[in-house]
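Notes for the one structure printed next.
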């Protein structure tokens, strides 16, 4: 079996399993199966297998009919789909005769659907169109007219989509509400995918895969929206699908104008889809959207003078030329054949038997057994099709269930620690018991890590959304900006992603709007016309760090300090570090922008960014060089459920400091302690004076030591400000499960939460900002 057929066979095997578990009426599952059929059709078309292509095309048309409700007998329709996959597998293996394929293609349902799909489009007359001809007997009764297979011809005087264009909807029942909710969730994901791939297509207009990746989601949205009687969504999605279909036929060049139209359509569809769900929830009529201007732009592209067909994108390379090297690497890596034998077989293939596959030559030469070659091919397929296999194995789970699981695992960790720390258990001199307890601790830790990983998702999707933000902002400001994405596979807690999206978008827009210079200004100072913004992510210690870097004009330290003095935020910047000065831009209402735009410049965004990062227990650092650019680094905890903390002791009580806020710990010399008039007690650390905060005074506990040189000081940092926190003892570093303090302790400003320790006692997790404010309040 050739490499191309291997790919088709793999897809058919997946679809055979998928079609067996399809349930009648499950539109979302129908849509997924239809997407796989579309992918299979593209692969078949690339291989030139006309019989298989026609069969898959008929099966795809049949599934479209299932989605649109044109098949009354859904169970019978599913059985026909199962037969189609089986016939396709037989055709691929050479086991299905032409008569069997012809008999299947001639089945009444498929034949009727094929006639409907092949019917020429009919131009819509200005007046109301006559009723559509009746569908075959399989067509469902009372369903909306089929818009999925009729080309739409737009008229120059097409009326706006006013309130009269959308009939008053009936209140839907719970079952339909579930279908609508599922459609909305899936459709919004499809729109995000379209945005990402459309921007890829803009940079690479000849990328056939990117074009297909934009076309397929529109096709799915069109089909399902037609079934749900969302005619305006169906209408617009079909129009955009027609546009892309023309591009697939190389009758239209996808340039930046076409991409603008596609992205505009995405924005409209997103609003319309969200409005559909909101209206259903509120039991009201859906708000109408005026898409006439967008439709006119689509019509202009469709009916305008078609440009010369763009050069066909280079077809995906056939597996055969690449297969010998890939298969050879697998077989040599598995030590099935030696490198010398592999070179000899490759030479034989090139010189004497170019029509023979490498595996066949190796078997004929006695260098490998057939089962060894088959195993090598399976390994090769696993590497090339790994992404598809993984996608097929994904299961969607309600995040609430994951949160509940994580809570229970956290309780299990606490219970296990309490058992292990119990003095009665420790007093038992049974080696096997302690061995078993150690094994239990290891399993519990691994279980916790595995559970935590379920909440982690790659930051890729969030990063890719910024491509559109950069493009739109740069276009509005007349700038040329390139966005570079680095380490998109870095994982972050899914609960954190939603809260972090808006601050990230604000900072990226600021980088483009304020950081990157105009093209003319960049040329004058010797920079390339196109500016660059780099988004990168990486893990560091117990945190995930996200960097937003630009090669723009940088921050002007003196200008920031002067503005802060004018506004009374600081008296002087003489004793402030660069970091402390740059941190002033995070203050509410602070802005150095000379011109306020509709994008930024009012000083009402960065304080929200800072507040959100604080809520996520993170911190932000700013590095900048005037004239060269700025780097914003946001450090966030890996998860919101567990905190990596430094356990300290004051008197008999233990407290937990977030590790992300701890810079260092030390026992100062007596000579390093001093007092400064107006500032209080200070500790000298490497020539810098840092205020001393006595934790025992803030929490009201009798300490073991009253002098700093007898105890320890922990240098903690918040918003660029450092303090020395005096404690009695440093117990160690530990990951703890965060617990809410409850209503009775919600006013304790110095605590961010609590944690149950191994001995069953509760320790407070300190809020560094609250500690600083409490210290300032005591001094005042």
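Placement of Cβ uses the backbone N, Cα and C atoms for every residue, glycine included.
TrEMBL does not curate its annotations; it predicts them automatically.
Summarising the annotation, TrEMBL assigns region 'Disordered' to 120-169.
Marked as compositional bias 'Pro residues' by TrEMBL: 122-134.
As annotated by TrEMBL, compositional bias 'Low complexity' applies to 135-145.
Annotated domain 'HPt' per TrEMBL: 172-276, in sequence order. DSSP places the residues of the domain 'HPt' (172-276) in helix, strand and coil in these numbers: 89 helix, 0 strand, 16 coil.
Among the features that TrEMBL reports, phosphohistidine is placed at 219. In the shown protein chains, 24 other C-beta atoms lie within 10 A of the C-beta of residue 219 (phosphohistidine).
The annotation domain 'Histidine kinase' is assigned in TrEMBL to 431-640.
The annotation domain 'CheW-like' is assigned in TrEMBL to 642-777.
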Per DSSP, how many helix, strand and coil residues does the domain 'CheW-like' (642-777) have?
24 helix, 72 strand, 40 coil
